[in-house]
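Single-structure report; data block below.
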Amino acid sequence: MNLLIMGPPGGGKGTQCEVLVRELKITHISTGDMFRENVKGGTELGLKAKEYMDAGQLVPDELVVAMVKDRLSKPDCANGFLLDGFPRTVPQAEALDATLKDMGIILDAVLNIAVPRGKLLDRLTGRRVCRVCGATFHVLFNAPKEDGKCDKCGGELYQRSDDTEATVNQRLDVYEAQTQPLIEYYGKQGLLKEINGDQEIGKVTQDLLASLGR
């Protein structure tokens, strides 16, 4: 089974990816990891990408697509894959479609984990970190015994700058602007499976598998 997964920051996508690849016995392809491996490993594609990155430029779509194509051609993808983090734009989706067609690969479904914005804000802005030992808490889901104080070492808990409401809203704005056209694109192809991510983790997994006939 060949799948693509989308989901907002704080939507629980990472957790679901782990379960899906285990349940479906397919390979998880995180394009972020793939990118880093190519650059770190000094592959031909990685070296080309590094040139753009060192110059402070965006890596061209055709180079990213070439990396994805190379990754999909590996033996561990023969039983199927879960593509995570790509495409991010409609032109990338079109390029991916053309690549899959060239390779004789059919995309079975596109999974979209949807969570109301208010819930995402609660999840993402509630994190607190200890200044001393780095332990992580959450004001709603894993609150410290004493407000603002680390259970483990008694250190001060603080909110990281990228967890503030303004920063989180900015990230969600970018995500929504990128993803909405993709939702429409895959919806027109009849591939889109919308999953309610505002549920218990196990129920989200159940719904994801049910949408795939499992």
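Any Cβ shown, glycine's included, is placed from N, Cα and C.
Swiss-Prot names G10, G11, G12, K13, G14, T15, R127, T136, F137 for binding ATP. Of Q189, Q199, the residue it gives for the same site is Q199. A coil conformation is recorded for C133 (Zn(2+) binding site) in the three-state DSSP classification, outside any helix or strand. Here the C-alpha separation of C150 (Zn(2+) binding site) and Q57 (AMP binding site) works out to 41 Å. If you count neighbouring Cβ atoms within 10 Å for each of the binding-site residues G10, G12, G14, the highest count belongs to G10. The record assigns G10, G11, G12, K13, G14, T15, R127, T136, F137, Q199 to the ATP binding site, and the maximum Cα to Cα distance across that set is 22 Å. In the three-state DSSP scheme, G14 (ATP binding site) is classed as helix.
Sequence-distant neighbours of R88 (AMP binding site) (same chain, 6+ residues apart, CB-CB distance under 8 A): Q178, L182.
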